[in-house]
Amino acid sequence: MNIALIAHDKKKDDMVRFVMAYEEILKNHTLFGTGTTGQKIMESTNLKVHRFQSGPLGGDQEIGAMIANNRMDVVLFFRDPLTAQPHEPDVSALIRLCDVYLVPLATNMGTAEVIIKGLERGDLSWREIIAKRNGEVNE
Ligand SMILES: O=C(CO)COP(=O)(O)O
């Protein structure tokens, strides 16, 4: 499956800890990330992350474009709700698109844990049906 990993600055350490804890599951999937989050994950793990632009420079929108094409199956987005972001409209747009396309979205680590365990159990295999219907092959 295609999984997006995104974290605001104050949540990046949490994201790195999270992917280290679940590296064995995540390595079986295709990972995408905003620029700095992806970089930090690759520095701390053996995971390969396809990196987009940094969030404030359009990375959220690039991931949004994948969602709009039904090419993203899971979004793990550790938001910082206590810091104003210069690209807040992009953040809102990304979250909105997850709702438009029924893409499982976690905006904090608690929900991310539930999703990742569901992923391991096969709870999200219905996403593969959507991918097949779209003529795409997800890993
Ligand atoms: O700002 C972000 C998400 O809105 C994250 O971007 P970076 O991973 O490049 O810091």
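Every residue, even glycine, has its Cβ placed from backbone N, Cα and C.
Caution: TrEMBL annotation is automatic and unverified by curators.
Residue counts for the domain 'MGS-like' (1-139) under DSSP (helix as H, G, I; strand as E, B; rest coil) come to 74 helix, 20 strand, 45 coil. According to TrEMBL, the domain 'MGS-like' annotation covers 1-139.
Its own atom aside, the Cβ of HIS87 (substrate binding site) has 17 Cβ atoms within 10 angstroms in the protein chains shown. If you look up TrEMBL, you'll see HIS8, LYS12, THR34, GLY35, THR36, THR37, SER54, GLY55, HIS87 marked as substrate binding site.
The local packing around ASP60 (active site, proton donor/acceptor), expressed as other Cβ atoms within 10 Å of its Cβ over all shown chains, amounts to 28. Annotation comment: TrEMBL describes ASP60 as active site, proton donor/acceptor.
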* Asked: Do you know offhand how many angstrom separate THR36 (substrate binding site) and ASP60 (active site, proton donor/acceptor) by C-alpha?
  -> 12
* Structure fact -> All chains considered, the count of other Cβ atoms within 10 Å of the Cβ of SER54 (substrate binding site) is 16
* Only counting partners 6 or more residues apart, tell me which same-chain residues put their Cβ under 8 Å from the Cβ of THR34 (substrate binding site). => ILE6, ARG51, PHE52, GLN53, SER54, GLY55, GLY59, ASP60, ILE63
* To do: Compute the centroid of the Cβ atoms of HIS8, LYS12, THR34, GLY35, THR36, THR37, SER54, GLY55, HIS87, then list the same-chain residues not in that set whose Cβ lies within 8 Å of it, in sequence order, for the substrate site.
  => ILE6, ALA7, ASP9, GLY33, PRO56, GLY59
* Quick one: mean pLDDT on the domain 'MGS-like' (1-139)? -> 95
